[in-house]
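Okay, so here's the structure we're looking at.
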C-alpha cells in the first residue's frame, strides 16, 4: 500500500487539461473579504508556498478541535451546573478560527501572486476543506453543548449532515457544469462563528440559556440558521446553476444517473451511520459523540476528495467508496448484538482505519501530482533547480 497510486493515468491526463473556473457572487466575499485578503497577502513573503498557507490554516482548525475536546470532551461543559470552558479558550478559538478562514482565502491569491497556481493547489485546498467541515461543526457545538439549554447529540449529527451535504453540493455542481459556484454560506458562517466565540468569552455561556425571542432559544436560532441557509440559499442556488447549465446545453453528464452518481456514496454513508445509531445496543452516539462525528466526517472527506479528483480531471466519479464496506460489516456485527465495550472498540477501530486510509490517500495523491507536475508541494522551488 505504501506505493499505491490512487490517481489513474487517465486522471493525470485530465489534470493536464484542467483550467480553474469558479464564480463567487457573495456580497460579503466580494466587497469585504476579498479586499481584506488582498491587503493581507501583501504581507506574505514571495517565497512562501501557497500549499503551506493552506495546510497551516487546516492545522489551526484541527488545533481548535483538539483544544475544545480537552476542555469539553463530552459536550457538557456549557450546560448548567457543569464546569464551563475558560473564557480565554473561547477567545483563542475565535481568533484562530478567523485566522484559519483568512489563510483559506489568501492561499489562492498567494498562488497567483507568485505565479505558482497548479491543479494540485486547488485539490489540496478543497480536499482539506472537506475534512474541515467536521472540525468546524463539532467545535461550534461546544458553545451550546448538551443539556436542557443545549442541542441533543442526534440533532447535532443531523446538522453535521446538513453542512456536509451543503459542501458536497458545490462540487456536484462543478462535476456536472465544470464551474465551481462558491457557496454563500461558507463566508457568512465563518465570520459569524468567529464573532460568536468572542462574544461567548465576553458574556459567558449562561447568556445562551435565555430565550432569544419569546420562547425561541439561541440553540433554536443556531439550528434554524444552519438548516435555513442550506434549504433557502445553498440548495436553491445549486439547482438554479444546474438547470441553467442544462438549459444552455453545457452539462458534462447528460443522463440523470451519471449526474447523480456523486451522491451515491455520501447517501449510503448517511444511511449506514444513521442505522448504526438507531440500532446501537449501547446508544453509541450518546456515549462517544465526538468520535462518531469524527468517523463520519473523515469518511465523508475521503468520498469528497475522490469526487474532486474526478471533477478536476473530467473523469467518472466512482459509484461507491470502499470505506463503506467495513462500515457495513461493523453495522452487521452491531445488529447481531454486542456488549458496550466491544461496540466502543469497533467504533474506535473503524475511526482509526478511516483516518489512516484517508491520510494515506491524501499523501499518495499529493506525491503523485507533485511528481507529475514536477513541483514540491510545500516549496516554490522546482525539483530540477536543486
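Positions of Cβ are set from backbone N, Cα and C atoms, glycine also.
For the ranges 180-204, 255-279, the feature annotated in TrEMBL as transmembrane segment maps to 255-279. Residues 322-339 are the range that TrEMBL records as transmembrane segment, among 70-87, 322-339.
Which of 12-30, 88-106 counts as transmembrane segment depends on TrEMBL, and there it is 88-106. When each of the listed stretches 127-144, 221-243, 345-363 is scored by C-beta pairs under 8 angstroms to the transmembrane segment (291-310), 127-144 comes out highest. Residues 154, 157, 161, 164-165, 168, 171-172, 175-176, 285, 292, 295-296, 299-300, 303-304, 307, 310, 316-321, 324, 327-328, 330-331, 334-335 of the same chain sit 6 or more residues outside the transmembrane segment (255-279) yet have a Cβ under 8 Å from a Cβ within it.
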